Amino acid sequence: MGKTISLLISVVLVAYYLYIPLPDAIEEPWKVVWETAFVKIGTDLASFGELLGISHFMETIQLLMSFQEVPPTSDEHVTVMETAFDSVPVRIYIPKRKSMALRRGLFYIHGGGWCLGSAAHFSYDTLSRWTAHKLDAVVVSTDYGLAPKHHFPRQFEDVYRSLRWFLQEDVLEKYGVDPRRVGVSGDSAGGNLAAAVTQQLIQDPDVKIKLKVQALIYPALQALDTNVPSQQEGSHFPVLTRSLMVRFWSEYFTTDRGLEKAMLLNQHVPMESSHLLQFVNWSSLLPERYKKSPVYKNPTPGSSELAQKYPGFIDVKACPLLANDNILHHLPKTYIITCQYDVLRDDGLMYVKRLQNVGVHVTHHHVEDGFHGTFSFPGLKLSERMKNQYLSWLIKNL
């Protein structure tokens, strides 16, 4: 009897975690199911631990992910070292092959919803050493303070300090980087930070060396409207759901779950900040194919108290899509990846449109069978294709 019950429970658990309906267009569905199941198991463990008062949701996932970190080991192609730029930990990847000329420099910012991840995580270490070797570039992969221990603007400030340090002439010279060929890149929350620091840099008169390019990989760019079409469609998208993304956004600003609840209802922007909604109005910024089903409605005004306590969600340093056109106009050549089955899809699409409207040179790669986090799954054919296209653009433009 006991064995039968155990078997039954096992079958139910396997079915629960492996029953993940996927869009027909997604390639290698079983691999995607397994990856999504692992994410689901991790978030369920974190939720259970939080419910019991054992640990904060994000701290549990941080612990689980720490087992996937790797040491800064050099290989036959790349020398890897760790240091600090203005007290911010960074991992540096330098190609071993001799070069008579100065190399490109790429400053990379990892994703993880401002709460998770590190330059040492195996997926980011793999990406950085691959990029350094294939691009023949010096890659700096930066860390930054994570929530819930640190909230906005700590993440932005850490990344900006680290980038400013890298852009000093003597630092670039030390690592053999051509000051005319430096770019910034990041994925997801890292794409958010990459966009934000790039905007800040063009307004900083103290930084003489400017970025040549920015490459944003499925970036998160706004927290004002949590009900854009991709969010409405994305309750069951692989890896990143709407509810998890809202949790990441709210944790970026505070551990107060009241903000999360308001964001889930899309009732967090106060009336006095409603003018900012013009910058995220998907009815005018999205391609027609995404405007057919849902009908655009202005979010219901929220509490002024929330915005006063946690002003980050209406701050351009946290939400780069809120930048004025006169700032966007000065941005460098830009590459943006968006994925069809990603709750952040529309953030990227709206940014593409706004940059095009002000004359920025934008290359937009929309992946029809893509989903959030693909770069972090090196075993997928789709991941390899996307990374190769990313690399090709960097080779031509950086």
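Glycine is no exception: its Cβ is also placed from the backbone N, Cα and C atoms.
As annotated by Swiss-Prot, active site applies to Ser188 (among others), with the evidence given as sequence analysis. Counting only residues at least six positions away in the same chain, the Cβ atoms of Gly111, Gly112, Gly113, Ile217, Tyr218, Pro219, Ala220, Leu344, His372, Gly373 sit under 8 Å from the Cβ of Ser188 (active site).
Per Swiss-Prot, active site is recorded for Asp342 (among others). Asp342 (active site) carries neither a helix nor a strand DSSP state and counts as coil. In this view, Asp342 (active site) is surrounded by 27 other Cβ atoms within 10 Å of its Cβ, with every protein chain counted.
The active site annotation in Swiss-Prot covers His372 (among others), and the record cites similarity to another entry as its basis. In this structure, His372 (active site) belongs to neither helix nor strand by DSSP; it is coil.
Counting every protein chain shown, the number of other Cβ atoms lying within 10 Å of the Cβ of Cys339 (disulfide bond) is 27. Among the features that Swiss-Prot reports, disulfide bond is placed at Cys115-Cys339, with the record citing similarity to another entry.
Contacts of Asn281 (N-linked glycosylation site) defined by a Cβ separation under 8 A and a same-chain sequence distance of 6+ are given as Tyr296, in order along the sequence. Annotation source Swiss-Prot lists N-linked glycosylation site at Asn281.
Feature annotation from Swiss-Prot assigns topological domain 'Cytoplasmic' to 1-5.
Annotation comment: Swiss-Prot describes 6-26 as transmembrane segment, evidence class sequence analysis.
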Query raised in the report: To the nearest whole angstrom, what is the C-alpha distance linking Asp342 (active site) and Cys115 (disulfide bond)?
Result: 19
**Report entry** In the chain carrying Cys115 (disulfide bond), residues 6 or more apart in sequence that have Cβ under 8 angstroms from it
**Finding:** Met58, Ile61, Gln62, Leu146, Ala147, Pro148, Phe248, Glu251, Tyr252
